[in-house]
Amino acid sequence: MPGGQTRSRARDRNNVLNRPEFLSLNQPSRREQAAGEGRGGGSRRPVFRQQSQQEDPGGRGTRESSDGGHAADGGQKEASRFPEQDCMQLNPSFRGIAINSLLAIDISLSKRLGMCVGAHGPGAPLRSMVTLLAFTGHALPWIFGTLICLWRSNTLAGQEVLVNLLLALILDLMTVAGMQKLVKRKGPWDFPPGFLDYVAMDRYSFPAAHASRAAMVSKFLLNHLVLAVPLRILLYLWALLVGVSRVLLGKHHLSDVGCGFALGFLHFSLVESVWLDSATCQTLVSIGTLRWTPLL
């Protein structure tokens, strides 16, 4: 009998769960303690705890015994409910480490590139020009400009292109607003959105709405307008600078702008795949201008 108790204590001492950082997993609940005391078998766990406290070199057991009873009970319930949480924290996965490292690099670089954030920053003299450049990628100028051009257009081909461009702008606006509402990522400097941002539903950082719109519009115009080579290069350069301007103003992270560019090209591909023909565009124009003759 003494030999069996010695072997049992040796197994308990070598058990990983008897280490001080896993003491919360060995603590029985109040019901188990009451049932054990009623059956006369509740003496083993207190001895366990006493031995673990004696083996703790830093006096951890003394500090735990001095904590409030309510906090200890709450920790026991949480540990018994999620026993694997401690192990996940002590042994993080390589994927989690890589994602957290990339996010930290993204935030650090985005904050460093926000040179036009403050009035006394290194890029303060360029703030007005950068703000104007970013405004060229806003939703309101493009939507109202497309409507004005559609109202003044007299050719069927021009109306067909403008109607599809208007639908692409609306698709881009609604898709980006929905994704921003779903993700709810704040900008690197966490500025409150302005009045124009509320109007265009551009309240959050991911993905960058200006970058998505600039990429979609530039690709759309390059595909449906005959432009000289210098103008085509300027159009690509404009789309790139619109995305960079949002990073310089501290509104978006670099990853937000990159995902915005990718989303803009995706919107262009989607609009091209469901391109509306001239007859459908004329029907939509008739409905919009309250002229019903094409429908008869």
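Cβ from N, Cα, C; glycine included.
The region 'Disordered' annotation in TrEMBL covers 1-83. Positions annotated as compositional bias 'Basic and acidic residues' by TrEMBL: 57-67. For 129-150, 162-183, 225-244, the entry in TrEMBL reads transmembrane segment. As annotated by TrEMBL, domain 'Phosphatidic acid phosphatase type 2/haloperoxidase' applies to 161-272.
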Problem - Beyond the flanks of the transmembrane segment (129-150) by 6 or more, those residues with Cβ under 8 Å of it - result: 116, 123, 158-159, 162-163, 165-166, 169-170, 172-173, 196, 199-200, 202, 209-211, 213-214, 217, 238, 241-243, 245-246, 248-249, 251, 285
Completion exercise
Residues in the domain 'Phosphatidic acid phosphatase type 2/haloperoxidase' (161-272) per DSSP class, helix first, strand next, coil last, are 83 helix, 0 strand, 29 coil
